[in-house]
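**Student:** The annotation domain 'Kinesin motor' is assigned in TrEMBL to 55-237. What TrEMBL lists as ATP binding site is Gly143, Gln144, Thr145, Ser146, Ser147, Gly148, Lys149, Thr150.
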Amino acid sequence: LPISSTFSNLPELLFLSTSLPLQYKAALLGRTVKMGAIHGEELNKSGKTLGREEKILVLVILRPLSEKELSNNEVTDWECINESTVLYRNSLQERFGLPTAYSYGLDRVFSGDCTTKQVYEEGTKEIALSVVSGINSSVFAYGQTSSGKTYTMRGITEYTVADIYDYIQRHEERAFVLKFSAMEIYNENVRDLLSSDNTSLRILDDPEKGTIVEKLTEETVTDWNHLKKLMSICEGR
């Protein structure tokens with residue numbers, strides 16, 4: 001993402017990128033979508049394969065200052081102007097009389113005091129839950145070490161799964177199968193986080209499934225507690 005490369009060396013920002021159908025993109029930018037609603041029925045009735053037209057949404061979360069930073073009287077150069085604009089003031093350039101303020105427009109900007117629940121409800125829930133309608137979707141975090149990626153993504157994952165199970169319970173007329181896989185890509189090596197074998201796996205192109213990871217463990221999730229156990233195994237590796 002071009003926007004990510006612009007901010008690649010700034011530890012105070014956490015990026016969330018989300019993929020969703022084109023009509024959701026337009027609605028979100030126009031602020032006409034009620035974020036957090038599950039539109040499984042509406043998508044199925046439309047008769048359109050919306051997943052073929054996708055856009056990338058870029059969400060930014062401003063990292064709050066740590067206790068250590070506050071005790072050192074440090075200040076942040078970033079400010080959330082509104083829901084879609086972040087302002088950067090370069091304090092170093094200011095000393096030399098150079099331009100100091102730069103504003104950037106994004107799909108959604110969250111201030112440092114926002115909760116993970118708020119990020120999920122307003123930024124990713126609509127995309128994450130589109131899977132119940134057969135649409136592939138993805139949410140991933142990008143940022144430097146200690147910018148909050150793991151903390152944020154764990155919360156988003158837990159909220160997503162809880163809502164998916166709630167949806168399943170309210171739609172007993174449909175059959176659902178939930179499967180879980182986890183992998184780590186590091187130094188071009190792909191490692192299965194559900195396996196004790198550290199052998200690097202191969203990434204292949206399947207004519208029917210698309211891009212797949214060969215021999216990646218796939219667990220059928222039985223319930224919420226089972227999923228939490230699987231996530232704990234992955235985090236321990």
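The first residue you see is number 1, and the count goes up from there.
A Cβ is built for glycine as well, from the same backbone N, Cα and C atoms used for every other residue.
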**Student:** Averaging the per-residue pLDDT over the domain 'Kinesin motor' (55-237), what integer do you get?
**Tutor:** 87
**Student:** Around Thr150 (ATP binding site), how many other C-beta atoms are within 10 angstroms of its C-beta?
**Tutor:** 11
**Student:** What is the Cβ neighbour count of Lys149 (ATP binding site) at a 10 Å cut-off, with all protein chains included?
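**Tutor:** There are 18 of them.
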**Student:** Look at each of the binding-site residues, Gln144, Thr145, Ser146, and point out the one with the fewest other Cβ atoms around it within 10 Å.
**Tutor:** Thr145
**Student:** Return one of helix, strand or coil for Ser146 (ATP binding site), based on DSSP.
**Tutor:** coil
**Student:** Pick out which of the binding-site residues Gly143, Gly148 has the most other Cβ atoms within 10 Å of its own Cβ.
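**Tutor:** Per the Cβ count within 10 Å, the most buried is Gly143.
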